[in-house]
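> Following this message is one structure expressed as structure tokens.
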Amino acid sequence: MHFAKLHTPSQIQLNQHGHLKHFVTIEGLSKETLTQILDTAETFINENNQLITSPVLEGKTVMNLFFENSTRTRTTFEAAAKRLSANVLNIDIARSSTSKGETLRDTLWNLQAMAADIFVVRHSSSGAAHFIAKDVCPTVAIINAGDGRHAHPTQAMLDMLTIRRETKKSFGELSVAIIGDIKHSRVARSDVAALQTLGCRDIRVIAPNTLLPYGFEEYGSEVRLFNNMDEGVKDCDVIMTLRIQNERIDSPALASQLEFHKMYGLNDARLALAKPDCIVMHPGPMNRGVEITSKIADGSQAVILNQVTNGIAVRMAVLALSMQGQLQEQGLIDSIAL
Ligand code: NCD
């Protein structure tokens, strides 16, 4: 799969007033739109760092459609929708009629007929969310919760919110390292795009060549490749570790997990090469002892559980913003920024 061919035109993501409608990918969205998502997410966190509730989506129906496994993403979307007073339906796809031969189109049209306002979609095929937003149910707001190895835009935004809150620096001042299975990771792809859009000028991708995507050279001059992890993490402010996406790998990309840990696992010696206040991130699920040691995962520099909490705030923001146009037309709100 080629990175450059997967861009989704921004037009399908924005309504005629330039407001977010669908959230399928980071690519094509402006710095202003990404900053609006972050700023809106911050309004859902109070001064004691607690999530607040708001009735902004009262009467709206959010359907969670997860065609692939998930713990954090599905649950935090549900928590986010409930905090906004929306009705939430979790569709059990494994038990739905798609397993009886119904097409995806028919399943979605039926769900749309049940008065869905927002579909949160996770699918193993790259491009699934785009296809649904453009060709199947364009009147329902589609939020991509991960499609194949293509994009995971809400994960990228919760990562950006965590970086902004934990480092207290502007994106232009930061050196960020992303380590591991870049080739199969929709998180890495969306994180690189979000960091670039928000103005980060030093993005280091640390991986063996076997775990780099085709078309990597097209990422842009702010993205540098390091095969050697010690060189890559030197003086970094942020380290993002990633799981090896074994379910998306057909032939062995690595000699073994042990070998990977030796070459690319985050341990104390390597973390000591980064800045003393460097934060350590992981989108989960984590494979302790492979991409990260347990000591670091549970240590004081890890912000992995902050990422989970920030995920609720970001998903509240994206759900609310995707309905902003409709709510404004109905005269129900002036703007989501409360
Ligand atoms: C990621 C995903 O599903 O892409 N996890 C997540 O959403 N928290 C990363 C992964 O599965 O490794």
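Each Cβ is built from the backbone N, Cα and C atoms, and glycine gets one as well.
So TrEMBL says this about it:
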type    : residues                                             : note
DOMAIN  : 21-164                                               : domain 'Aspartate/ornithine carbamoyltransferase carbamoyl-P binding'
BINDING : Arg72, Thr73, Arg122, His152, Gln155, Gly284, Pro285 : carbamoyl phosphate binding site
BINDING : Lys100, Arg186, Arg243                               : L-aspartate binding site
DOMAIN  : 174-321                                              : domain 'Aspartate/ornithine carbamoyltransferase Asp/Orn-binding'
> Let me spell it out: for each of the binding-site residues (Arg72, Lys100, Arg243), count the other Cβ atoms within 10 Å of that residue's Cβ, using every protein chain shown. Which one has the most?
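Counting every other Cβ within 10 Å of each candidate, the maximum falls on Arg243.
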> Could you check which of these binding-site residues, Lys100, Arg186, Arg243, sit within 10 Å of Gln155 (carbamoyl phosphate binding site), going Cα to Cα?
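Of Lys100, Arg186, Arg243, within range: Arg186.
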> Can you list which of these binding-site residues (Arg72, Lys100, Arg122) have a Cβ closer than 6 Å to ligand 1?
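Only Arg72 qualify.
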> Consider the binding-site residues Lys100, Arg186, Arg243 and say which one has the Cα lying nearest the Cα of Thr73 (carbamoyl phosphate binding site).
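Among Lys100, Arg186, Arg243, Arg186.
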> What count of other C-beta atoms do you get within 10 angstroms of the C-beta of Arg186 (L-aspartate binding site), across all chains shown?
24
> Rounded to the nearest Å, what's the C-alpha distance separating His152 (carbamoyl phosphate binding site) and Arg186 (L-aspartate binding site)? Just drop the number here, would you?
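His152 (carbamoyl phosphate binding site) to Arg186 (L-aspartate binding site), Cα-Cα distance: 6 Å.
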> Secondary structure at Lys100 (L-aspartate binding site) (DSSP, helix/strand/coil)?
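DSSP assigns Lys100 (L-aspartate binding site) to helix.
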> For Arg243 (L-aspartate binding site) and Pro285 (carbamoyl phosphate binding site), determine the Cα separation and express it in whole Å.
7
> Look up Pro285 (carbamoyl phosphate binding site) in the DSSP assignment and report helix, strand or coil.
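Where Pro285 (carbamoyl phosphate binding site) sits, the three-state DSSP reduction gives coil.
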> Can you break down the domain 'Aspartate/ornithine carbamoyltransferase carbamoyl-P binding' (21-164) into helix, strand and coil residue counts using DSSP?
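With helix first, then strand, then coil, the domain 'Aspartate/ornithine carbamoyltransferase carbamoyl-P binding' (21-164) has 66 helix, 28 strand, 50 coil.
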> Taking the Cα atoms as reference points, how far is Lys100 (L-aspartate binding site) from Arg72 (carbamoyl phosphate binding site) in Å?
28
> Are there residues of the same chain, six or more positions away from Gly284 (carbamoyl phosphate binding site), whose CB falls under 8 angstroms from its CB, and which are they?
Thr71, Arg72, Ile304, Gln307, Val308
> Neighbour count first, Cβ atoms within 10 Å, every protein chain included; then name which of Arg122, His152 tops the list of binding-site residues.
His152
> Just checking a number: largest C-alpha distance across Arg72, Thr73, Arg122, His152, Gln155, Gly284, Pro285 for the carbamoyl phosphate site, rounded to a whole Å.
16
